[in-house]
Amino acid sequence: MPAESPVLLHVDRLTVEFPGVRALDGVHFDVRAGEVHALVGENGAGKSTLLKVLGGLHRPAAGEIRLGERRYRPRRPADALHAGIAVIYQEFNLYPDLTVAENVFSGREPYHRLTRGIDYAELNRRTAQLFGTLGVHLDPARTVGSLTVSEQQLVEIAKALSVDGRIIVMDEPTAALSADEVTRLLDVVRRLRAEGRGVVYVSHRLDEVFAVADRVTVLRDGRHVHTGDLAETSQEDLVRLMVGRDVSAATRRTGAVRDDVVLDLDQVSAGRQLREVSLRVRAGEIVGIGGVAGAGQPELSQVVFGALGVDTGAMTLDGRTYRPSTPADAMAAGVGFLHEDRKSSGILPDLSVRDNLTVSVLHRVRAALTRLLSPAAQTAVFAEHRQRLAIRATGPGQLIGQLSGGNQQKVLFGRALAPGGRLLVLNEPTRGVDIGAKMEIHQLIDEVTAAGTAVLMISSDLPELLGVSDRVYVLAAGRIVGHLTGDDRTEENVIACATTGRRVFSEVAA
Amino acid sequence: MTTTDTRTAAPEPVLADRAERPSLGRLWDTWGITAILLLLLALTPLVAPGFLQLENLQSVLRESAYLGIVAAGMTFAIAAGAFDLSVGGQLALVSVVTLLAYGAGGTPAAVGAAIATGLACGLVNAGLITKLRVPPFVATLGTLFVFRGVAYILTQDGPQTLPYDQIGSPFVKIGGLNVAGVPLPFVIMLVVYAAAWVLLRRTATGRRVLAYGSSPAAARFCGISAGRIQLFVFALVGLSVGIAALTYITRVWTADGSAQDGFELKVIAAVVLGGTSLKGGKATLIGTFSAVLLVSVLNDVLVGQGVPSAYQRIVLGCVLIVALTVDGLRTRFAVPGSLRRAVAGLAGRSTDPDSA
Amino acid sequence: MTGLLRRAPLALPLLGVAVALALTTDSFLTGGNLENVLVAAAIVAIPGLAMTLCLAMGEFDLSIGSTVSLAGVVCCSAIIDGVPAPLAMLLALAAGALVGLANGLVVTKLGVTPFIATLATLVIVRGLSLAYTDGHDQIVSSATLKYLVGGRPLGVPMPILLAVVAGALAWWTVNRTRFGRWVCAVGSHREAARVSGLPVDRIRIAVYVLVGMSGGLWGLLISSQLQKGNGQLGLGFELDAITVVVLGGTALLGGRASVLGTVLGAVLIETIRNGLNLLNTPPAYQRISVGLLLVTALALLALRRTPAPAPAVREVTA
């Protein structure tokens, strides 16, 4: 029983300050042996800061951390490892060029005393043994760069076990995993708990939190808001605690799907990732694409946006042949695009909010006579988008990197609308965005469809995929294996199509 | 754009436009080096009384022109997150070819050859980088030696020189003429900077260069072609070398394969000193301009004080390291929480006073 | 054979160049000439091996050419001042190590981009050796120094012996020791190495010191050949050192190292130089050849590269 287990980690009145910001303000938190303690909160609530303090990357300004009875003051990542705290950050810390075993035991490789050479037999044996305790099989000699994301996640977990991590901290471990990979991961987490370890589980996905965690701590604006047993907490309570106000989960639709087909893919194949995909998106319609990670979703979106070439098959846009060879072609045809990875492939971090909004439509903010960029026209674009998208920025000149994740996403949404809003290709439109911004973005999607825009939305967030889309296609290994409309749009159907080879095609009038 | 306002009210009030005051850090990024230049200009006459004489000032400005013009081009390359190590080789090659062309066809041929050769060098770099996908820094390290090598081949029988009897020709006057007391090379440099500023800040291409430098991956999905940006910036560097060579060769009158050894370092030093970040995405032409003048004034003072050129190299190298350290610190300070770590790292100890 | 080709793809072009030279010249296949090629290759392979570690770490050291000059100047002027030759040679190696230490400290503690930091030390160190010699040759006549290139213990020219030992050590270090794997780890993902608790700064400084020392040894070998040191030695040598590594297939962006490739790269580059000499090509053309070779090698590598491997590092924002 977790309630009677010893407290492994105790965080007391922890305060962390950055120049001009107090990221954590007197936060307390504890983890017991054999429990999974979820840590939730909106972006900017301070979860990542807390993890980085535990991992020895940030130093607190005040407060103390105890491990059992001993005071714990990590000054560098190595201190955390020695103390038995293993933090698995959202950005993996793996060497793609090295083997699985070399990654797992990095810095602690067994070696011959005499020759100083690494003992590879022993290294691989120990690594295989660790994977054995996790109940998975992974060849220790494989290069990490050749692994899938979920396999890399397992390498990170094995690494945490290899230092005999009594406390294992996971930051959004499922953000890039597919549904079945999530299930497998949660099994591993339960196994860690059964061994008496303490697991800190940070996630935006509340269904996972309820599935795996024993207790939950909610942070808001750097402050501790709530700690309690999950058995006594409802999902609605949790959301209210995180947001600080009541929210309704239901997504409303204001517009109606129109008859005219905007995008039509006919037997489109591209590379090894996309095979004979046929689908249609109508004006005012939101079509969702689901499936396990690596089933071809980014490829599908990039084919439509001209970032990936079509090998065979045909596309039409508004009934005309559509063969974009670059993203510029696609934008010229009125297609907007939102990348799934905001940080690396979305924002232009050194540019202002205004410049981020106008960058793909620079021809529209030029003075007629001189053909030079007009500051006034650019600022007008900014003002219009700020109003429409409710972007919270201090002004047009603020660097986009200084905005919160949700506001960055809204700016990028504005950029995607800029080409004209005939068709929007949205990849994971609310990934890594807090609940408040998520609802605002869903409302925006609803608005643009009401105005006649067609939306192709890829999402690995099942409630979003099913709640926002009118119809859902399911991809598996680059093929469409399901088409769900009406009451067929259930989580069970999506998962079954994506993972079991079952095919479900709803009856629809074409 | 069709804007159908179905939303009756924004869910939350949008912050009013706060009067945008640029932060001290951003002011320093743009004007810091200019402030240092002004300070240096104020102090220099105390050390070197001859500095303020008209001929000396003219000489400093004339000398700064070719460095400054190439630095303007290089600012674009660095803004795009690349740099061109071959500018020294380009300057040697363009100078040699220009002198050959002048011998063959006079002033028009020389001017045409300078521009064309500079552009051609830039296009060779761009071709290697965009078509053969060689990383820019290694590609231009290779072409540095190739361009110099070609210049050596062209001057196997001795350096190319301007005959003294040509002193009256319009071409030679480029280096010597003063316009209302201001040396023509410096006037050319001013024009180049004005054009470069418009190009960087007021054209779509300039904006795309900055966007690409800030995040190549994101720029791709904004419809920006990496190949076109690289083609543009490397061709622009070549063009700037072409223009610079006109002011350079009419000043020194002679060139061979070894001309301006180490030039690339001076150019990169000036751009970085000016406040353009090596990481790309941020650029300041005002900073580059001031840094070029700063380097030229320093150089003039060192030469005036009789410091041997070997020591000048040492000073230049040290100035570059200091500038880059400052650049690095600026970037590190921009990340929250890194300040204390950076200071601790510099001091080589912990900021935690009671650490065990 | 196919296994060798996969591990050392340079074997094929090397064979081609050798066959071509054997057919077009009379003197290439003579014992004396082949030994000259191998000695020259050994001399450039030694710094190349250290540079292999540097590139595997994802970094560059452009200052090595100036270190060559500094080491030569230090050794020769010390001998002229009456310092015993072995001690003078040690001093030169120490000077090289010191340049490496300076590079390492500037790169790690001041956080300056390696490429530019070492470009700056290139100029500074060259300035130091020019200032120290005041532009004059330091001519020496030392049997001990001469032995470094001219000696033949066991009938094998000294540089070849040194290169074989260095090559074996480098192979063992890169593939079998913790230090070597850590270097590759830093090159593969530096932040991960830091979070895993590797002493990243110390590893980087150690590699720069190694490169500096190898540059010192290179300078000694060159001074041993010429029996002099001056501020002009080693101009542009950084290109040679980097080219042999890149030719050998070590990834430019770090993470992997090919020791065998570097050695073959050194042999290839010197075979081509030798060929250009035998074919009476003017020196001006020879200057271009290495630059062209580097660019060609990189272009070939880039063309051969498989299209975008799966990203190993997940980048998701919070």
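From the backbone N, Cα and C atoms, a Cβ is placed for every residue, glycine too.
Computed from a predicted structure; not experimentally measured.
Annotation comment: TrEMBL describes C:38-58, C:70-99, C:111-133, C:154-172, C:205-223, C:244-269 as transmembrane segment.
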Most Cβ pairs under 8 Å with the transmembrane segment (C:244-269), selected from C:38-58, C:70-99, C:111-133, C:154-172, C:205-223: C:38-58
Residue numbers, six or more beyond the limits of the transmembrane segment (C:111-133), whose CB comes under 8 Å of its CB atoms: 59-63, 65-67, 69-70, 72-73, 77, 99, 102-103, 229-231, 238
Long-range neighbours of the transmembrane segment (C:205-223), counting only residues six or more past its ends (CB under 8 A): 43-44, 46-47, 49-51, 53-54, 57, 59, 61, 63-65, 67-72, 75-76, 89, 92-101, 103-105, 107-108, 140, 145, 148-149, 159, 162, 179, 183, 229, 233-234, 237
Contacting positions for the transmembrane segment (C:154-172) when only residues 6+ beyond its ends and CB under 8 Å are counted: 35, 38-39, 41-43, 45-46, 49-50, 52-53, 147-148, 180, 217, 221, 259-260, 262-263, 266
